[in-house]
Structure formats: structure tokens, C-alpha cells
């Protein structure tokens, strides 16, 4: 950490002069020379040493305060760069008034202007000026507004071009053009500007029609707003980041869609051309004539489209008189087809995005057959749900990563800031110790740092500061100002909160004293988009070898001893410090920060230094304080003077009375009730209304408005306006009341009637007392805050695309002057003639509906442009940006928030009021009961004692009793109540001594379940308060009870036998607890009672294992029965009852037997299956009908028998306390009742018919019996509270829109229709203007005045309409009706009310988008909660441990395998060498791709020749792949089938050959076989493509996620199937006879079980449910006939609207919102897991690769390799485990154990290499031990070898031996030389003389290379724990120091020479 505090003062800012430039040149030269020198010596500069730019000095950031105040004369002037990084770059910086940093190149601009040229300096000054940016931004915005207009003069366009040209010229003059850094074109945003300007000039120069396309690029100017507003750049960064991340998903999506498209092409090509054509009466006339004539087509009822058909048995059939023939055109303007790969791909993309896919589904099934539903199920579930949600998962992840990075930056910066302040603080202490009075400097304005407005600040806080600093006796904490300052300086004891849940979350500055960003001049915080400073304050100077911080010393008149003239800093020792700033900082830190210390400074400088320090601190802290103030101090003083009303004492008294009144809890309760009643009043509005009802509602409105106005007035007087308006809720109230008063003064029918809708916002006041609503509003608020920038980006995207559409395609839509569009003689609603309509089209695409608009566009304009535009909007806008929205939403959402809202410490008055009311009610009821008991002398207790009943906790009224005193104390002392606080555990009151419970006298025994239920009831209704310590003893017996239950808690791991004995002991020892008598309240009749625990036997019966052993049924009746009716209590020891007891035991054994259960499951399945046959055609099949009636009776008897058996076996008590048994009981009763009714011939009664339909619930009984479904149901049940919460909140949100809809549209959706047309048409408003005219003109009987079926006539219908809008199904009709509406009973007119579109846009954003995505949030969160509850082991591991754990887990499951041995036969060997080469695999992959391409070329109706060629090519590929298969089998022999992929290839080859053979056979027998079979066989070819997956790693990860999801998805699928099954049975019973219209026709209907399932599968994704509901909403003419006779007894083809609405809305909520979202939750969860696996440092693949490489080095799979081969092995590995050569030293340092023969075990190597990748961690020794044990168990080879040494030991021994050898040789050599020297004089001491050969020895030792440092290897010695003994002694004896210096190696050598290691 560099502490740049040394750099305060104005001296930081020095003008950039030619000398500065010369200095930079010198630095660059020195830097280059140093670099060359390093290169010459072969040194590599470490990565850590690379200097990086300081984050806080980035261009566009604001300069932090610490650098001092910028003198006015230097604003906009070139300055020397403060960032040391740029000391070797030819740059300078410029600061504007707002201290924003701009960097410029110091080279010559355009080779003409030097940095000191006057023209260039002026351009620089202009370009950095704030007003310049503001002017350009305003110009851009104005230009955008102009572009939305249709007919703009060309001159305006030229004006804008001139302004942009001027801007570009200024920037180019200031920056230079493109060659150097920081020049104009080096900024990518300027590319955009430049291209826009260039294109403008090109367009002006060449005025041609084709060039108008160029003009479209003007639109890109809107993007310039992004470059001007800095916050947006970050979001764009996140978007680009997520788009990059989408690469893998995009590849997978394209691959999957291609495969599905190929399947579609093979199955359905040409089918959609089949249409029903009139049979020709002329036998000679060829059919091809009639097939082309549109007049001959059969038109589908209610539409203008020809009816499709197919020739298959289950395809759609033609009516009589028509024949099914293939025509030339496909449906939807010939765009919907599978005729070629491109169209099939488009259809599949449409299916994936689920845009009107139900239409494609119906067309395809009608043309091909119902069996192809399977194709759609696969595509929707695997393609659509999986792929689209993968995109969501990836975008969410990318966003999270971006978020984490930003948060990390903020935190690092805060830490540095904190450290810097600590340094400042220390420095201040030093100065104080030196006797400089820092306090006197507080008022000093002479400091160069003193801010301009320091005087104002000084006056404001002078008194506080001086008090705090001069009075030594006062503690600093006693003053809030000081306290804040202390905590700010990091001196307080409390820790700061670091809660960054999201970067984009708005956090009020008051929440924590941290500096997320630079603070500007005016004390405003800058948003999180600014980059975060790595070093806050480091200055720079010109040193010799690198940038040096310049100290204020440089400018001081008489510097201290640490100063040199040239601006270099010297340490006190006098040495010149040079080098990088990091080195300097370290060095300075090492010397106790001498360069910061004030100790060696002389007096004048100390004073200046002190002023700087104090000035920095005060300036920063005061600025923080100011930023917290909402308005300027002068306004605050004014407000305090005039807005706090304190007059005479009487007024004050009046105020106190009002204060008591408005703060009373009952006032809050009253207001809440009024809000609820007011809301109900508003919701009661409907059409048509009687005048009396209307008058009542009006009167109610006036009363409520007056009431709320009074409330506001009272509160303002009681609190004073000053305090009243500081609360947001009060401001909210005030606005609503004002609008309500305004609305009362306006006539009801006025244009401002929409003001009434503002009253609806009162509903939000409920949030004050409804925590869930409050939380949700907060979530949406947070998201909207967080989404500010993103919303802006989305708005820009919509704006740009809308303009592009208008410019490119507008003219093609046949636009007229009034902005409407004509096409094919009809008006278009969706066109791009004007900006508003263009915006609507783009918005509709963002809602996911793109295909229909695109068809129209392709009809009127160029197909390619339409395709590109629409798909770009769809992919960019919908899939990326909207998913980023959802990611943000999920990020700010958590079910914790919903289930446990944070307690803000305030007493909830509503709860207090409710508690008071409750207490009053309980006291009243108690008084009454005590009165009756004293008079009537009831004797229940006596009965209880006769029966031997033990007292216990049971549910009774008295249980909810709270002492009145307790309530009063709570309210009086404002104790914190926790009434029904969801975050408390229901059992808390047992363990919490502060909770007061009054316990009633027990009535009989209760089992554990009852006890828990009672506890839950108690917790929800009991009043909690802090009670005095004395009262705590009263709960000790309850706590003891809790102690009894502990062992029975789930997961306690106690065996049932232990439990039995434990409970028995406890029971005996604590049978009669004593109760302390003190503190018992008179008012309670029951507090002194004992509370016993249940009998242990009772508990034991609840334990399943023991229940089996006991095999004895429970008591038959409940305690209540036996108490009230003693005859029910029987003695089993007496005669008649003994037999009964034996019977019960027998029944119990039967019921508990597994066979019995299996039989019942079988019966349930059979009976459910039987229901499926009761369809609409049953009356025509008398045999089937009679058989079904018979089987129905049989099933009913069986189920009744089962129920009776269970009653006898379990007893009533156990049977009726089980929820699943209740379900069985109800379903059996339904069957029984309907059977009895049938026998008594009452079956035609309507109510009994409805009862019969309830038999559809029978399959529900299967739920409890299938484990998979039960798991899902349990998970769902767990999520129900949260789901209900969200549902309720959605309803509240929607209520507002629904009431608004009723206000706007009630009665306005009616219209006059002409039924003579098909489909019915709306009569033009010029012919019929209103209802009466429609009735008068109905001469033909064809005119009907009808209402749109889904409308806003009342709030309930409004809800239905909103559900259709939110699911985007049927919303068009509702919108059209709204937009065309005029007045009540007036005929609608085309787009008369155009801007009503905006009502729907707003609802879709808030009501649809937010609320429906909250479902995803809730469910995902609940899954995660439950996962944590179930598998908590992960939570207690650190991230690092998890990495290790996962890596070890993976490598533990692997072991070396023998490679496939090379065959001995030379031919086989040759082939083996070919097929095992990588090149062979690559060739095969290329061939597969080519095969795929040839399959894509196929089209419908291709020529014979093309068919032949493609057939031959196919045969060639089959031959190639067969050849590959044969070669591999020949070479690999039996080993071929050991690989899964080989087996897959083999199957594909067999199928391919089979399909060729079958094709040949079928060709000759074409007339006998259906072509479908032929097509399905050809699909085998597609299997080959799937082999590509083998090669793509990214795709494998994503598919791995899918594979992991499959089990869970299967369970969810089962549940979904069950729901569909039940609903289809209901549908058959209720809607079989509705008229065929809209979505219901002869194929998609509820007449048979199969057809019902087709319909329900379609609406599982909510697709087309409006079409299915539409006919069911018909109640009479002209739509249906209620008197029509049908097949069966029921009459008419009208529907039942109520049943239909309930049926469809419940199904949509269950399937589309809940079950499908569970599916999504599972996918997201598993995707995260899979991605974690793939992003971990070591993946499964790395370990596989390790073992694959191992096989080459250890062909015999001995699991050992020679130490000599280790270096090659390490180098051969790939990926993170590889250790490239030269690696000898690293390997030796790993200290690997050696076994005899110098071999190393694979596990040791893998452990060491893994550690090399993951780094040190001391926590995992035990894990390694476990791993090794596991490995030993599976691979016994290792256990037989005990290590004898390690690689390090071996090296040391080797070196020691070498050293001794060399020394000895040297000695021998010298000796022989000496002895042979004839001049030598022999001496007696020769033998003991020291050897003179030390230099030689050292040289030899150095030769053997660098030795490892023992400190690097000590932790490795424990690596394989079993070898500790080998290495421990070694580490004790040997001490090796690592260094490249000879000096160190000398030491080692001498040591080794002295103590040789054991050999």
C-alpha cells in the first residue's frame, strides 16, 4: 500500500512545460536502456513488478480530494501527470472545474500542433469544459426528438451534422487523430461518432434512393448518449461481458436447434401444404387445377385460413365433399414450413422462444398426426425451457461476476482509504507530541488545501470542534460529531458494515461511513460506475530509474535532512532512494515510514504539514457530513424557524392531545381498516351500476377523503410540518390526499377522471402494517433503482430500433397522412409509419411476440432486412437485456425477505391494537366461563381423574390467554412485540424464558403431533413481551418438556432403543415437577398448573422402526370421545373385547403389509385409467359404458373396504389425524355418494353431476404412494407460504390496475357485429354509431350488440383480462378493444383512444414483468433454502476447502488403467496406429460435419437428380462410418466395446445400414407402408451428428448440467403429468360439448382424453389458453345455442364461464407459474453446479488427462514410474497440472517419497501436482489421509511398498556424495602433486593440514544446480502423511537456504560436507 499523504498541497499540480516533456523523454530512454540491460542478462521481470495505472487516476474519473485544491489558474491547463505509471509515457493530464481527469498525448497533433501550441491548448480547454459536454448532450437529445418526427426539413439535419463535425474537429485538434495513445480514434466511442459523421457526408454527397439506408445510421447518434453519460458505459460493459459469456450457450443452442430442425425437416417436409380441396365433379379435370384455386379451399370456421389436413390415421380429416391434397403454398404467407433447413430452423427458433408456438403445434399435428406431440414435448422441455433458461443462467452469472469484481474494488479502496486515514491520524499524534497545536489549525484557511467554502463550514462546526478538542476531560465519544469523526477515522470499536448485495443497489450514505467513490466538490457521491482507486493519494515526481512520489518537502523553504534538490527523496541515512513507487513505499514502511513522519522536519514545515493534515481530514469529513444533508444549511434554518409550530401553552396542550390521538395503536388500526374498506368500495365499481349504488360509492368516497384529510391535518399539527414531511410515508399520504381533494373538485366525467386512480395508491399504505408487501415494494424499488442505468440502456435500444424500423421500413407499410397504414385493402395496427407505432412493434418483440409482425414486414418489405431487424431485437433485447433485468431482480430478491421481514425496531402499532383487542376478548370470555363454571359446577376434571388422564398441553381457548397487565406493560413501556413474527421458530416460546404463556388445565393426553400443533397455534396467537427475570421460572417445566423431546428431533442420530430407555428414565425421574408459586396472577385461572410431557409409550409408537416391532394399533378413539362417552373406553382384557383386539391386530398387519399397499396402488392406477374412457363418445359405446359402470362399483367397494380396514387397524384417531388419509376419505366418499345416487336414479341432478366430476381427483391418491412425486410435493408445500405471499401481493398490485381498468374502460368494450360474415366482423362506426342504432338497423337479423368476452366491466373480469395481458395470450383483442373504445354504448372507432396502449405497456412492465418473475425468485430461493436445510455440510466449509475437497473427491474416484495393448499382429498393429491417432478422430469429425451439411441441403420438392445425388452421398457416408467402425473393431478387438462412445457409434452405424436397407425395401412396397415410418427410419442418420458433442468441452458442461437435472426433472414431469391428467378428466366432464371456435376445433377439444391432453400440454406454457377459454365464455346467441341437442343427455353447446375461468386460471397458476418454474429452478441450480465444476482450477478432465498420460509411462499399470522419467512425465502433461521443462528443481522441491528402485507412486505425484496448482493449505492433511486410505482400499499395490527416501533427501545425498567425491579427488590430486614435487620439504603435520581446494569444491557444488529452500518444502513433508517418518528427521537435521547466490551454496556445501546424509 502506497501512502501518498506525503503529496498534499498545491505543489502537486505543475504545469506541463517543454522541460517536463524533456524529463519524460529522459525517463523513457532510461527505461529502455534498463530493459535492454535486463534482456542482455536474460532476466525476466516478474509479473508482479509490472506497473499498472492507478485506478483512482483513470481518465474520466474525478480527482480525489487528497491531492489538494486545484488552483483556478490551472483549470483546463496541461499539467504533469500525477500517475507514476505515465512517467514513461508521452502524456499529460488536464483537469476541469469539476476535477474530472482527461489525458492527452504529448506528441504533435496532426503533425502540426505541439502540446504548447495556442490553438491546441484552446481546443483542449474547450473539449474538457463541462458546458461543452452539456451542449453536445442536449444536441443529441434534441436530435433524437427530431428524428422521431416524420417530415423534417433537411436543413435541420445539416445543422446537426455541422455541430457534430465541430465537436469532432475540436476533439481531433485537442487529441490528435489516431497514431498515439489518447488520440481521437483510440477511443472506441469516437469510432461511432466518426462513422456517423462520415456517413452523413456520404449521404449528402450522393443523393440516391439506395443511400437512404445510409441515413438510417444517423439513428446511431442516440448511442452517443452512452458515451456522454459515464454510468451507462459500465452497464454496456456488463452487457458485452454477458454476450461474450454466451458463446458456449449460443453454440449449444444453434447445435440443438440444428439437430431438431433436421428432425423436423425429415418428419414434416411438405406436410403443411396439405389442404382440404373441393372434390372435382368433372372426372377429366386434373386436381392440380383445383388445388391452386383459393376458392376451392375449405375455410376453417371463424378464420380466413384454409383447413390443413393429413393422410395419416390420426391426422386431421377433411369434411365430406372435400379431399386432402398437397398444394403449392404453406400457411402464414408461405413462411411457416419445414420444407428446407432454413425454414425448419426458423420454426424451431420460434418454438424455442415460444412465440405463438401453439399455432405451429396445431398446424403440424393436424397435417402429420397426433403422435408427433412427442416431438413438441421434447422441443419445448429440452429446447425451449432448457436453452432459454441457460441463457438466463449465463447472463445472471456474468452479472454476478461483474458485480463481485466491482464490490471487491470498492472494498479494496475503502481499506486503503481507512489505512491512509490511520496514517494521517498517527501523523497528527506525532505533531501533537512535537508541541504543534493542531486544534488552532482547524480554523486556518491559509492551507493550500483549505476548501473554498471552508469559512461556511468553520462557522457551522467551530463551537463543537473547539469544545471537543480543548476540554481534555470530556471523552471524545460523548460528542456525536466527534464520535462520527472517530468512527470515520477507523478508531471506533464498532465494525463497519460491508453489505454489498448488489453493485447497482442504491445505498443511502448514512448507512455506513465508507467511501464507495470519489467525493466531488459539492459533496455529492459519485455512482458506482467510477473505477475504484487502488492508491488514493500517490503523487509522482521525476526520479532517475522510475517514478517517485513527490513530497511537500520539495517545495519547503528549508527542508529537513531527507531532501535533495532534484525532487528525489532521500532516506535519513542520506542514500538516494530510486526505483518503483512500490519499492519506495516498502522501503519507507520498513523505516517506520520516515518519509511520512514529521519527526525530522523543521519547524515551519511542521506547521505547514500539520495544516495540510488537518485540512485533509476536516475537508473529507465535513464533505461526508454535508453529503448526508438533504438540503443546504440556510434552508434548514429557515424550515426550523417557520415549520416548527410552538406557540402558547394551550396550543401545546392541544398538540399533545392530538399527538396522543394519532400515535394511539387504535388510531392506526382504524386507519388501516378505513384503507381496506375504501379499497373494497373502489373495487365494487362495475358496469352497469344503478344510480343508488353509484351515489353510495360517491358518498363513501367523500367520507373517506374527509377522513384521510383529517388524519393528515391532525398529524401535521401533532408532529409539526418540519418533522411530518421527513417521513416518506407522510409525504405519500399528503400527495394522495391532495389529489383526492383535487379530484372531488373536478366533474366526474371530466378528462381528469383518471385522477381517481391515484386514490388506489392508498392500498400501498397497507405496506406499513403488512411486512411482505413492504418487502416486495422495497424489492421492486431496489430493482428499479438498480435498474436505472439498465432501463436507460433498454430505452435507448428500443428507441434506436424503433427509429431504425421507421427509417428503413416505414415507407413500405403504405403509410397515409394520418399515420395509419393500409395493406391488402385493410388497416394495419402494427406498422412502422410513425415513431409511436414503431415503438409499439419493438415493445411487442421485447414481450416475446415477434413472428407475426415479421411475417407482415416480410410481405411489405425486403425479407432479409426484416429477418435481420426482428431477430436482432429478439436476441439482443429479449434474450440478453431482459434476462439481465431478471438477473437483477433475482439478485435483489430472497425468500428470506419474504418470510422474515427485518424487524426495524419499531413497535408495530397495529399488532399492539390487535393484541389489546384480543386480550379484551379473552378476558370477557374468561369472565363468562368462570361465571358459568361457578354456577353450574361442571365436573369434567373429576371424569378426567377417573380415566387416569395425564395433564398436558392441548389446544383450548384459554391457551391464548395473556394477562392484561402484561399487555398494559407492553404498551406502556413500548416493549417490542413479536406477534406472529414469521422469523421466530414456532417452538421458540418453549425455550425462550422471556416469553409469557398462560397454560390451561390439561384435558387428556396429546401425542407429539398435537403438541407441535398447539405450540404453533400458541406462537401465532400468543402475546410476547420482555418479562422481568422473576417471572422466568414459571416456564421451567415447559423447558423440561422440551428437553424430553430433544432426542426425537430429526437427525439427532439416536437409535430408537436408546430413545426408549432414555425417555423411560427421564419419565421416572421427573414425573412430578414442582412449580414455583410466586408471580402467579389472580386473573389467570390456570397458570399454576403442571405441564406434563406425553407418555413415552405414546412417543415410541410414533417412531416407525418401533411401530413395526410393537405391531399394535393405537387407541381407536380420541381422548375427547372417551372423556365424553366413557363407553368408548373399553378394557381389552375382558371377553368380548379381546377378540376385537385380535381382529384389530390382524387388520393392522394386513394394512401394513407391502403387498396390500401394492394392490391398492394398482387399483388406484386402474380406476384412474378407467376415468380416461368416460369421454364424449361413451353414449355411442353401450358395452364400454356398462363395463365402466361395473368397474366403477368394484373400485368403489375396494376403496371403501380399504378405508374400513384402516379404520379398524389404525383407529379413528390415527386415521383422521393424517392428511393423506383425509384425502383418501374425501375421494372415497365422493365415489360412494355418486354410486348411491346412481343406484337411486338421482344421477341427473346437476349437483350430483358436479360431484361425479370430482372423481377426477382419484389419481391424487397416488401422490402419497410414489416417492418421486412426494419429494416434489413436499418441496412445493414448503414453498407454499412464500408462493401465497407473492400471489397475494400480485393480487394487490393487480387490484390497482384492475380498478384503473374499470375506471377507464367499464362499459366501453361493447360493439355492434355483423354475423353474416365469417369470421364475425365489427360494423364500421360510420354505419352504426351506438347501441340504439345497432338495434334499429337489425333488419336482416345479422346485427348483434355484444360485449368483448374478456373486458373491464368489473374488477373480477379485470383480473382475468390482466392475467391474459401478463401471459401475453389474448392480450391483443383486449388492447384493440381498449384503443378503439370511445364512450359507453358507442361503436368503437379505429385507434380513437390511441394512447391507451401505454396503460398496457406500464402494466406489462410492473404487473407482468416484475410480479411474474417474482415467482421464479420465490421458487428458486425456496429450493435453495430447503437444500441448505437438508445438506448443510457445504455451509461449514470455506471456499478453498471446497475446491480441495472437490478436487480430491474427483481424483479419489480415478485410478490408472492399463492402456489398450497394441496388437502383436503387424496388420492389426498398423491399423491400431492409425485409429489411435488424433488426426484420425479429426478427419472423422470433419466427415460428420460434411454429412450434416449434406442433410441440410435437402428440400421439399427437389428434383429427381438432386435426390439421387444426395442418396449416393448418404450411401458414401454410411460406408465411411461403417469402415471406421470395422477398422476400430479390427484394431481394438474386444476392447472396442469398453468405451461408451464406441458403443454409441456402433449403434448409429447399425441403424444407418438398417435405414438404407429398409429404404430400398420400402421403395418397392411404397403403397403398403406409411411414408411416416420411412421418415422415422431416416432419423438414424442424425445420430451421427451427436458424436460432435464428444469434441466440444463447453457443450459437454452444459449437457452435463442437463444430465444432472434429469432425475429431478423426471419427478417434476410426473407431477405435471398428474396435474394434466386430473384437469383433462375435469375438462372432459365439463367442456366436451362447447362450440368449435377460436382454439377449439375437431382435433383440439375436450371430447376425448387424448384431445384434452393435447390441449393441456399446449397451455402448460400458457400458450393459447385464451383460445380454449373463449368458447367456454359463450352464454348464448350469436356465439352458441343453449338448446342444441348433443350426443349425450346434456343440451346446448354453450360453456360455463365461471367453471371455465376457475379451471384455466388455476391450471395456469399451478402449471405455468409453479411447476414450470420449479423446472427452471432445477436447471439454474444444476447449471451453477456444472459451471462451478468446469471453472474449478482442476476438473474431471484434468485428472483423466493425467491418467491418460500416465498410461504411456506405465504401460503395465504398476502405479509407479521411475524418478528419472518424472521430468518428461511432468512436461508431457497438459493443462494446469503441467510443469514445463526445466522442471528438475521444482520436482525435487516437492519432496516426493521414493520406494526401492527409485520409483514414485502415481498418487504421490498427483497430490504434489494438485498442491502445485491449488497452493498451500494446512487444513487438509486429514482429507489427504482419508484419500490415501480410500486409494489403498481400491489399489492394493501401493501398500506393499514402504518409502525409503524422498526426492529432496535423494538430491541432498547425491550432492553430498558429489561434494565428498570432488573433495577427495582434489585432495588426492594435490597430494600426488605435492608428493611428486622434488622441491617439496615434507612436514610432520601434512596429514592434518586443511585442504586448499575450497574454491574448487564450491565451483563443483554450484555446478549441480540450485538447491531448494527447506522453508519451501516443510509443509510438503506432511504431504503423504504415512511418509512423515522418512522426512521428519531430515527436516530436523538439515537446513538448506534457497538462493541463487554462490555464497549460500557455499554454506550448504560446507554443511553437507560436514554431515553426510545416511546412505
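Note that Cβ sites are derived from N, Cα and C of the backbone, with glycine treated the same way.
As given in Swiss-Prot:
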COMPBIAS  44-53  compositional bias 'Basic and acidic residues'
COMPBIAS  475-484  compositional bias 'Polar residues'
COMPBIAS  523-533  compositional bias 'Basic and acidic residues'
COMPBIAS  1943-1959  compositional bias 'Basic and acidic residues'
REPEAT    116-404  repeat 'I'
REPEAT    1142-1451  repeat 'III'
REPEAT    1460-1759  repeat 'IV'
TOPO_DOM  207-212  topological domain 'Extracellular'
TOPO_DOM  366-372  topological domain 'Extracellular'
TOPO_DOM  685-695  topological domain 'Extracellular'
TOPO_DOM  748-753  topological domain 'Extracellular'
TOPO_DOM  811-834  topological domain 'Extracellular'
TOPO_DOM  856-864  topological domain 'Extracellular'
TOPO_DOM  1174-1186  topological domain 'Extracellular'
TOPO_DOM  1241-1244  topological domain 'Extracellular'
TOPO_DOM  1314-1355  topological domain 'Extracellular'
TOPO_DOM  1498-1508  topological domain 'Extracellular'
TOPO_DOM  1563-1574  topological domain 'Extracellular'
TOPO_DOM  1635-1648  topological domain 'Extracellular'
TRANSMEM  188-206  transmembrane segment
TRANSMEM  213-232  transmembrane segment
TRANSMEM  660-684  transmembrane segment
TRANSMEM  728-747  transmembrane segment
TRANSMEM  754-773  transmembrane segment
TRANSMEM  865-890  transmembrane segment
TRANSMEM  1150-1173  transmembrane segment
TRANSMEM  1245-1266  transmembrane segment
TRANSMEM  1286-1313  transmembrane segment
TRANSMEM  1509-1532  transmembrane segment
TRANSMEM  1612-1634  transmembrane segment
TRANSMEM  1700-1724  transmembrane segment
For the topological domain 'Extracellular' (856-864), provide the mean pLDDT of the predicted model.
92
May I ask for the residues of the chain that lie six or more residues beyond the topological domain 'Extracellular' (856-864) and have a Cβ under 8 Å from a Cβ within it?
333, 335, 808-809, 812-814, 823, 828, 830-831, 870
Mind checking how the topological domain 'Extracellular' (1498-1508) divides into helix, strand and coil residues in DSSP?
5 helix, 1 strand, 5 coil
Is the transmembrane segment (1245-1266) in contact with the transmembrane segment (1150-1173), using at least 3 Cβ pairs under 8 Å (sequence separation of 6 or more) as the test?
yes
For the topological domain 'Extracellular' (685-695), the DSSP residue counts stand at 5 helix, 0 strand, 6 coil
Go through 754-773, 865-890, 1245-1266, 1286-1313 and flag the stretch with the largest number of C-beta pairs under 8 Å relative to the transmembrane segment (1612-1634).
1245-1266
Summarise the topological domain 'Extracellular' (1241-1244) as counts of helix, strand and coil residues per DSSP.
0 helix, 0 strand, 4 coil
Grab the same-chain neighbours of the topological domain 'Extracellular' (685-695) for me: Cβ-Cβ under 8 Å, and only residues 6 or more beyond its ends, written as numbers and ranges.
1299, 1302-1303, 1306-1307, 1353-1355, 1384
Counted with DSSP (H/G/I as helix, E/B as strand, rest coil), the topological domain 'Extracellular' (366-372) has 6 helix, 0 strand, 1 coil
Given a Cβ distance threshold of under 8 angstroms, which distant residues of the chain, six or more beyond its ends, lie next to the topological domain 'Extracellular' (811-834)?
150, 802, 805, 840-841, 844, 852-853, 856, 859-861, 1376, 1390-1391
So, by DSSP, how many helix, strand and coil residues make up the topological domain 'Extracellular' (811-834)?
3 helix, 7 strand, 14 coil
When secondary structure is assigned with DSSP, how many helix, strand and coil residues does the topological domain 'Extracellular' (1174-1186) contain?
8 helix, 0 strand, 5 coil
Using DSSP, how many residues of the topological domain 'Extracellular' (1314-1355) fall into helix, strand and coil, respectively?
7 helix, 9 strand, 26 coil
